[in-house]
């Protein structure tokens, strides 16, 4: 009984508050002004009969600037046919009208609006609200990136597990191979010592390509053993190494072999140069003059050259 009494009291309070609100002056216009959607009425000719004050906030137009104007004047060219077709179809079938379109704002830019409404006495009573295309796109892109990030994290974790497994298997194989090598080295030492005696690399790396030559010989004696020529005494041959019958053996004296022309450098004289025209001695460059080469400084030499060209 107490619950029913409380519900009756609430209903009485609501009815009383509603009746008090409707008794106020212009209560309907105050409701329309508080709505954030653009409430509008279109007649059969698609002319605006009424528009709420929210149009100034979203579209930049005052209601007086839109009333008695054709609604299609503010639509995008590509959306006019679609809007008119939806308007006619919904009017003939008396269905709920719902359409998205691009509306020209007062600043010259287009904004995307969505109108929902119903027909009453050949007129459309609808409310238009802005479609948050940019926000929706950003949210969709964020969700796509988040899903892609989750997939990449799973793949990375799987690759890390595979890498750790490979490392553990490689370490186990390496330990097994080292253990087998250590156990088998004792048996192989005795058998392999005889096999590798002939392939030991000499300590002297220069004798690798002169096997059979005693390391006590110097380079001249080694060449004499291989070629039969005494290079240190100036013996040379032409064609003997190729097996030609016309091979010749020549002997070049050491004096003739070692005698090479020595070019002596001409030392520069330390005599300071003096310009015969102005008498300067610190010119960076010297030029030819009437007295010979490098007798004039750079400036005097240029003047003398111009003078001779004119003459």
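FYI, residue positions are counted from 1 along the chain as it appears here.
Cβ atoms are placed via backbone N, Cα and C, with glycine included.
It is 163-197, from the ranges 163-197, 198-232, 233-267, that TrEMBL records as region 'Disordered'.
A mean pLDDT of 85 is what the model gives for the domain 'PAS' (24-94).
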